[in-house]
Amino acid sequence: GGRMEVLEEKEEEEQREEEELKALEISAKLPDLGLNVPMEQVCVPSDVPGFDWSSIDTSQLPSSYKTNSLKEKKLLCIADHFLWQYTHLCPDRKPLFLHPVNECGVEKFVCTTVRPTLLPYTELYHWDGCASFVSDYLTMEPLKCPMSLPSSLYSPTTILKYQRGNCFDITVLLCSMLIGAGYDAYCVHGYATREICTLDETLELCPLLRKPQEVPKEGMKKKSNKYRVNPPPDLQSKFELQQEAKKAETEAAQKNEEREEEKVTEEPKRDLLHGLRVHAWVLVLSGKREVPEAFFINPFTGNSHSTMDEHFLGIESIWNHRNYWVNMQDCWNGCKDLIFDLDDAVRWEVMLSGSNKSLQLLSDAEEEKELSDTDMDDMVSDPNEKEEEDMSFDMPPSWVAPIQISPREFETRCSHGRKVILYKKAKLEKWAPYLNGNGLVKRLTIYADLDCAEIVEVREWFKNREDMLDMREVNKQTQLTTECFSPGHLLGLKAHTYTSLEPETERTMEFYNEVRVDGLQKRVENANEMTEYFLGRDDFLHVRHMEFGKRGKKIHLAGTRTDINSRPIVQIKECFHRNLEKPADEDVAERIFLITEEVMHLTYHLKDKYITASKKDFFKAVESDREGNEDVMTPEMCITYQAGSSENDKKLLHLYKLLQELTEEEKQLKEQVRQSEAEVLSILKIRENEETAVKLSVSIYNTEKNEKRRQQYEAMKNTMEDGLPGQEEQDLDYLAPFLIQVGHREKMTKGQALRVRDDCLADFKHRLIDKANTIQACFEKAVEELQKKDQWLQENQNQLSVEGEDDFLTRYSETMFHIHILALRLSREKQTAPQKYLALQEKLRKDPRLAEHLGHT
């Protein structure tokens, strides 16, 4: 008791000295910068308006929150002893974060506040999912004094309950989840920049806008060839090139000046507390979960940072659920030069060491000298024994209750269902699923200026929509809208880019070609043209291009079709891939139908070692030249060019048949073009209806939001409860097969009752015997198979390879295991059979249908 009082008095005295030194240090640094900042501005209140931590209810918390076990009290003594040695070894260092009070005002060691937990959600099995959830779910609170450690550290369960906390609270929660997920994670107490500590991301680029780093491809080195052809002479004017170079330099200089001006406006103001702001974050070391290298996680944003990041200025200590380490390395260059080898006692001072004696602690002689100088000899009877006891102490289990997150809380994510993050020239908004009626869960607004006044682009992400809309991107300057869909939309729509939903305007539609019969991959359309791209078709078609003319005057005729005023088709062009089953000069590569001119052009694929392709041009007979005969075919109606042959093909019959085929295909193509136009109109109409009345889909397993499924489940449950008694009686009527033999009589004679009883017992006895015999036969068969394997192994043991022997031993062990299971089943069956027989006998005696005659039998 006296020892603890002396320690407490010493700690209070050291804290007062530390605070005085801190005030002197700040006042000494501020004049050097030529600035005067009152102390009232250094320590700012962190309480969020409308929320008071002192008013939270702690009456329902477990007893471990309100008291310390004997092991925890011993750990606090060890921590005090460690802190006393640390302050003597490093008097210029800041105090350590060892045992702050919890929400119940009880001192708890920081390591015991970490509660490793693996939550039952797939997303929380990875570090980025855990970090994203924690940053979205919790509201950040700044420290009361940015240069001082917090006086309290609340449990992760309380932080989750109230959805708010400072950097230390959030770090402990995130570290608990990461350790539970299998990562080698640690809580870090250190120093960071103002932007990190205050969650100021207004000068940071939004992560959604960061482009992945392109890996430079190494160019193939061309082998020098002395027989290569000399390059052609350069005929460009050197004077013009010089003028263009000067112009480019001038433009580059202007751009650099603009960039410099932007940098000046974007540069943050000088932070008077740079290097003094206390912060906590998570360190993940390499090794576990295939982490290639160590990295930091900022608990406020959930973003990962390199250990070389200049925003992190130093580390005082780190801890997890097993131990506590103090950094003994110099942080003059931030965290860039730190080595995270926790087994290195020179760089990291460990508090609880199993075997290695700490190299940084004071020696026994120095410790005794220091204690005698401060009149504390009665506190330590044997320093060597005390140190060994401290070093071999095991960390007590966490005092925190199990961390639990309900499905509703996990789905809600953001505090109050919405979160707004401001970035450099961008604003990111997040919503909980089903909070917005249109399924909107995330929106990124991109601005042209730092003041966020002029909107350039808006990107929106959706979830759970029945129309499968996944993302919408709107360019406010060009009014170009791009919509992306998940698989499952009607007609296989994948993406839709447009400026207006009005028909016959510029648009591009992309499709999932795998789910379409025609293999359509993309359709590009404007007022005068339409181009379709195909993939994986049997006819090798990959492009179809249509050109339209201007409409005539609209005519309304009774009985005519509604598309009488459709755009007139001027030209249809189709391109085909090579079909290797046909000769090149018979495989069409391109065909063009000039509808208005009644001309058809065919171009075939190139033959090997040819630079020109075969062609055929067909000219339809003019209506006035036919003279009532539609079967006229003249040589002037077809012009052919056969690559590699000087003679034209004069077989008019072949050309006539080809012309007839092309004429028929032209009619079919016109119908397909009209179908494409109708499909576009249908998609536009469907999209308009979908946006007018947005419907959200709910999983059948989500009984809270799926009202229809919940009603069906309750109706089915009520039906089962209503029909249960009769069904149960029918299922348990074990005498039904034997009552049939006596005619289902309501009243039986004594002889009939005895017959039913004897038949039932005999049948049950035979079933038990048959079951035991079946198991016995399987057991004997397995033993016989094992004996054969033993004999085969003795005969072929010398001829087996290593792989063959391993395979044989595996099958051998499987057989042994099978025999063991059969033996257990047979033994259990023999032991339980008499009990089952007696139980059935007693049941028959009490059966109401037989009890009258068997009651005294």
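Note: Cβ is positioned from N, Cα and C throughout, glycine not excepted.
It is 652-679, from the ranges 36-63, 400-427, 484-511, 652-679, that TrEMBL records as coiled coil.
Looking at the stretches 208-238, 363-393, 704-734, the one that TrEMBL records under the feature region 'Disordered' is 363-393. For the domain 'Dynein regulatory complex subunit 7 C-terminal' (746-854), the DSSP-based tally of helix, strand and coil residues reads 99 helix, 0 strand, 10 coil. Summarising model confidence by region, the domain 'Dynein regulatory complex subunit 7 C-terminal' (746-854) averages a pLDDT of 83.
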